[in-house]
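The structure under discussion appears below in the form of structure tokens.
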Amino acid sequence: MSQHTSQYVFNSKEDYNVILDNMSREFEERWNHQTQSPYTNLENYITRAVLGNGSFGTVMLVREKSGKNYYAAKMMSKEDLVRLKQVAHVHNEKHVLNAARFPFLIYLVDSTKCFDYLYLILPLVNGGELFSYHRRVRKFNEKHARFYAAQVALALEYMHKMHLMYRDLKPENILLDQRGYIKITDFGFTKRVDGRTSTLCGTPEYLAPEIVQLRPYNKSVDWWAFGILVYEFVAGRSPFAIHNRDVILMYSKICICDYKMPSYFTSQLRSLVESLMQVDTSKRLGNSNDGSSDVKSHPWFQGVDWFGILNQEVTAPYQPTISGAEDLSNFENFEFKDRYKSRINRHPELFANF
């Protein structure tokens, strides 16, 4: 695979573990070869629209001036990043985006900066958020949910093989492409670690008990969140959602795994969710040396063509309607906000290596 593509043809006759080993070596080379972004602002791109606004930045639709390609540009204010203590996270996000190459993960195309802002140039995935589609249809049937869950499981397997903990799995961080396949985005909380860490981060509803209790944790927190995601796909709600958004009450429920299993879940889905959402990490599905294989071989995934999914040969149950690169119908309407322009370089020492 080249630096600026995520295309990879997976041969079903090859041992997938060998393929992952090769991808790990390629990841390591990119991880160890990081470059600083030039101070070119967005001068090589034409801004066409705003795709979204987040707590740490704005995502814009841009078109390159030298060609016809469209991209998503994530613009982040240096001042906001410093104020919100996100400096390490943004460096980390760029690092991961630059090194990771997998069909279901967003990757870095380009990066740039100016006196006030940092920019990550990413592939345009204009089918919208899986969150928005899921909210519209309310629930997925199990076959539909399995299609997305299989891709997420493969993406987590890849990240864990690269010694990455994702730590922010939720429908809002999953995008749909024009063929109906997923792209996981937002790697601000992703951390490269061989063993355990203890940082409190993530989204409350998806936090594993050990994170809530401020105990050291490992990559199995991603499999806990995966269990919540699959539950939410089919139930139409998070297992620990609280109507009045009482986070303390939610945390107490998470710590004792207090939730209701819908009666319409099949026995296989019930088993998968129960196996993933285990408070005792030694019993949690995915938390072994062969963790991802244990998840993929669970009866709920029986019949999944894993190589067919990897090569995107399986027809998606839903394909977003997209008329062209500037079709923003799958996104909410956002307005441009004026960008301030300083005459001095903001925090050059903090962002020198970005």
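Placed from the backbone N, Cα and C atoms, the Cβ positions cover glycine too.
Annotated in Swiss-Prot:
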DOMAIN    45-301  domain 'Protein kinase'
BINDING   L51, G52, N53, G54, S55, F56, G57, T58, V59, K74  ATP binding site
ACT_SITE  D168  active site, proton acceptor
DOMAIN    302-354  domain 'AGC-kinase C-terminal'
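Geometry remark: N53 (ATP binding site) versus D168 (active site, proton acceptor), CA distance 18 Å.
Under the three-state DSSP scheme, G57 (ATP binding site) falls in the strand class. Rounded to the nearest whole angstrom, the C-alpha distance between L51 (ATP binding site) and the residue listed as 'active site, proton acceptor' is 20. Candidate binding-site residues: L51, N53, G57, V59. Fewest other C-beta atoms within 10 angstroms, N53.
All protein chains considered, the CB of the residue listed as 'active site, proton acceptor' has 20 other CB atoms within 10 Å.
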